[in-house]
Amino acid sequence: MLAHSALTETTSTLTSPSRTMFTKKPNEAEEESSDAVNSEKLLCSKEPVRRAAESRGGLGKPSCSKKKTATIIFTLKNEVGGLIKALKLFQEKHVHLVHIESRKSKRRDSDFEVFVDCDSEHEQMKELTQLLSTHAQIVEISPFGGCPPLTENNGAEAPEPDGVPWFPKKISDLDLCANRVLMYGSELDADHPGFKDGVYRQRRQYFADVALTFKHGNRIPKISYTAEEVRTWGVVFRELNKLYPSHACKEYLKNLPLLTKDCCYSEDNIPQLEDVSKFLKERSGFTIRPVAGYLSPRDFLAGLAFRVFHCTQYVRHSSEPLYTPEPDTCHELLGHVPLLAEPSFAQFSQEIGLASLGASDDAVKKLATCYFFTVEFGLCKQDGKLRAYGAGLLSSVSELKHLTVLNQECMITTFQEAYFVAETFEEAKNKMREFAKTLHRPFTVHYNAYTQSVDVLTNTHNINSMVKDIRHELDIVEEALNQLSKPLRG
């Protein structure tokens with residue numbers, strides 16, 4: 001049974017959920033950039049630029065001072081004059097540079113990353129980042145030393161309480177964190193099935209590039225999958241569909257035929273994310289956003305708060321189609337999507353995301369662990385039999401066949417030795433909600449579906465506005481009930 005105490009006890013066994021759960025970031029040597037710069041002397045550190053920022057309090061725990069210091073990390077091609085052109089944009093927008101570092105990119109040998117601390121007003125920074133994105137790939141932006149950007153609140157700043165990490169307030173803010181991937185593209189562990197396959201690694205880089213250029217509001221690019229990728233998908237699709245009738249929960253079995261009809265799920269066709277996103281939007285309000293690779297638990301869960309699911313587009317290596325050490329499009333489309341189309345499960349997923357916004361690192365870690373044991377590897381009892389609702393199970397033939405209930409810790413990159421079972425599907429969701437309520441946070445958030453933004457309820461004015469909305473909804477319910485009762489009165 002999925003119990004509150006069991007969930008609490010497991011928090012030490014895992015550090016990341018879904019998009020981040022399967023592998024560790026490899027250790028790579030840091031190298032200096034070879035770009036010659038005449039106008040600026042770069043401080044080329046052998047420490048990662050993220051660590052340099054953290055040492056000054058710029059990332060992680062924000063320091064909301066009066067100085068508007070922003071941190072930007074962007075990637076450039078390693079060519080003569082490239083950095084000079086980028087830095088000239090700062091000059092044109094009158095953005096003062098406080099600190100600069102560079103290093104060889106971990107993503108591509110031909111690129112290097114530039115870390116910049118700068119002082120500026122919010123509007124100048126907004127214009128700069130828009131202009132800079134046309135010349136470079138922006139990896140990360142921490143507005144004003146980790147504090148949030150200005151909100152539409154009478155032009156005033158709305159800083160978080162002391163010690164609260166910055167978090168997205170509107171759906172477009174996901175552009176600031178969706179590309180903060182920890183590992184992506186051609187970067188593969190040595191034990192990965194495709195590690196020695198140059199063609200596969202090249203293909204993975206292509207999928208990463210597609211995701212990294214995506215912005216909120218854009219259409220998800222259509223992918224022309226190779227014959228080998230379609231064959232691999234076909235093996236997974238065919239074998240899983242043999243097991244679904246006896247292993248999948250009712251909610252999953254209800255939605256899978258709809259995806260077959262509306263999104264062309266079939267053995268010889270890999271669905272396009274744009275079609276799937278439109279389908280989910282109509283069914284549960286969720287949308288899909290392509291992602292280049294592993295996100296941190298905080299960034300991944302933040303997407304759920306806005307009913308956005310970060311989804312990979314690459315296919316697992318053809319040599320091992322029945323199990324993958326990382327989430328691929330088979331995992332996303334066959335494991336997650338059918339249940340995200342279920343309104344109650346979509347609401348459940350969003351609640352996990354909302355609980356993570358502005359939460360402490362420890363709280364996010366606990367939420368990520370709970371996500372792993374429920375949304376990824378959860379089981380429930382239906383009609384007296386065990387049924388899977390976890391995406392990690394529903395997308396893996398080997399895992400479904402491996403199902404046993406033991407008293408063990410979770411396995412991250414191998415088969416699970418234990419699964420948590422709920423008496424009912426609803427009980428699993430309720431237990432998760434109860435657990436989320438125990439995580440302390442100095443404020444409450446409310447999702448505004450009309451504006452796709454998050455309201456931070458820190459004062460009576462915000463709460464009163466929410467109460468008015470609820471009263472309006474209750475008036476509609478009351479009117480509907482009165483209409484239904486009229487025939488009875490007659």
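Our numbering is plain: 1 for the first residue shown, then up by one each step along the chain.
A Cβ is built for glycine as well, from the same backbone N, Cα and C atoms used for every other residue.
Because TrEMBL annotations are produced automatically, they should be read as predictions rather than curated entries.
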Among GLU320, GLU351, GLU376, which residue does TrEMBL annotate as binding Fe cation at the site that also has HIS331, HIS336? GLU376
For HIS336 (Fe cation binding site), the number of other Cβ atoms found within 10 Å of its own Cβ: 26
Distance from SER395 (L-tryptophan binding site) back to HIS331 (Fe cation binding site), taken between C-alpha atoms, in Å: 5
Sequence order is fine: just name those binding-site residues in TYR294, ARG316, THR324, SER395 with a Cα within 10 angstroms of HIS336 (Fe cation binding site). SER395
Helix, strand or coil at ARG316 (L-tryptophan binding site) [DSSP, three-state]: coil
